[in-house]
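Since the structure comes first, as structure tokens, the remarks are kept for the end.
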């Protein structure tokens, strides 16, 4: 038993050594460029899927195996690890760092929840809307880590109020004209209950819930890069806290269901929001760069076209996911859970609204850095949309030389300016900064909006290397001709209609991504699907775009992506809850994506025709 235990503990090391040795006969028996490239591709893919080594480290495998096998020169491989999307990502991270530093994201989230109200159905929808909006620009992980504490504070208020009321708060009362109608005695009692709950939670120790090693301080840090950017260190509540809450008595079963519904809605909304923009997740960036590299003559994928295609998908998915979660956990009585009427409010709903308003009041008036960040946010979005909108000439037409300016140019320029613009209002005697950043601006009146330390804290360097490894693999396939060989092997599928090929691809990647990393899954499948599309004379976008979106639908297990793990750690949901709800969300996502690619995606990307840029690439064999 000790031998098996030691072997199990060393399983990753054994896999790292065994896989290259077991596959080594392939390039030795068939010393061709295709076989050597296939060997490197398989070794890298196994490392990615098994996570035997960190994803970023596995992405470096092509950097030394390609030169050793004579597939690519070392200088050629190195050039693949830094592309235009790397600069685009760096500019976006600068803006994200400013948003998080000055708490603009928290102000947006609280304001949207205040608008939605405290009715359970509308509260869930409000949290989902603000999470989707924030996830468009921030990483899915960061968005979830920011929104969940706000939701948890509301849920704890719900639990404490239910315990204090002794299960009689289902009776409704006339809503008071102002908050003063709630007695001070009741408010103090509930605050004491909430304080006691926080004190009990703080007595628990912290335990790590991550793929990395346990830190000396005992804090759980998630550094998984499962298709979300940027990734940040996140403190995760310990398992003891999770077990305590699961065993504790919720005021009613309905309260427990509200907690489940709200928790799961946040992780699903973060995934939906990441689909909308080309910078929303790393998988979108991987697709954009690999597509533009493989088809350089195709000028169809940019921020504007992606947004036009994906925004309706996100809206439909948001509504259907909300309905599915409402049906699953809250039932079908939408009139009771979604009423905006102020005439009928329970005492608990009034206290929940007060709790949210208190959190918003703590932010104080909007500060000067928040205004600057919001202006940069709007300016970056407008410049992205108007660069090459397609139906009218964009601002790039003002320049004599065409093709030199991309979305990365805009993001890097505005990101660079954030390092220069002072965070203190000009000609102001006092700093208008907020919270922890106030001291920095007081000590240095010319302190910039963000510092390099702020940027470095959010910059996902592992994602940059991972994306670069995917580009290197694609470049190796281009030179060796491996993709042409793969395309010939897929010719028997030529009898299938395009929608069937796309549906099979979507179902396959959405199943694989439940257990494997999103970026790794997409990086492995993109060259295969591209070769398949060219062989079947299908517009490559018909299969690549839906597969890119469906690879984000790993929502059935806590290990599917970091937002799932964050939500699961709060202890309101079990794995069975996530599987049941996630399966429905997965089906909704695949169905909506298939609807989009067969309806408004057809005229947007001209999917009925096999494009000239794909014909040229198919004829010449260039990858």
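Every residue, even glycine, has its Cβ placed from backbone N, Cα and C.
TrEMBL lists 45-69, 81-99, 119-138, 262-287, 307-334, 363-384, 404-423, 463-487, 499-529, 581-602 with the feature transmembrane segment.
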Positions whose Cβ lies under 8 angstroms from the transmembrane segment (499-529), at least six residues beyond its ends: 41, 45, 48-49, 51, 55, 58, 224-228, 281-283, 286-287, 290, 463, 466-467, 469-470, 473-474, 477, 482-483, 486, 493, 536, 538, 540, 542-544, 546-548, 550-554, 556-557, 559-561, 586, 589-590, 593-594, 597-598, 623
Best-contacting stretch, by C-beta pairs under 8 Å, relative to the transmembrane segment (404-423) and drawn from 45-69, 262-287, 307-334, 363-384, 463-487: 363-384
Interface present between the transmembrane segment (463-487) and the transmembrane segment (45-69) (three or more C-beta pairs under 8 A): yes
Beyond the flanks of the transmembrane segment (463-487) by 6 or more, those residues with Cβ under 8 Å of it: 33-34, 36-38, 40-41, 44, 55-56, 58-63, 66, 71-72, 76-77, 80-83, 85-86, 89, 225, 229-231, 282, 285-286, 289-290, 293-294, 519-520, 522-523, 526-528, 530-532, 534-535, 621-623
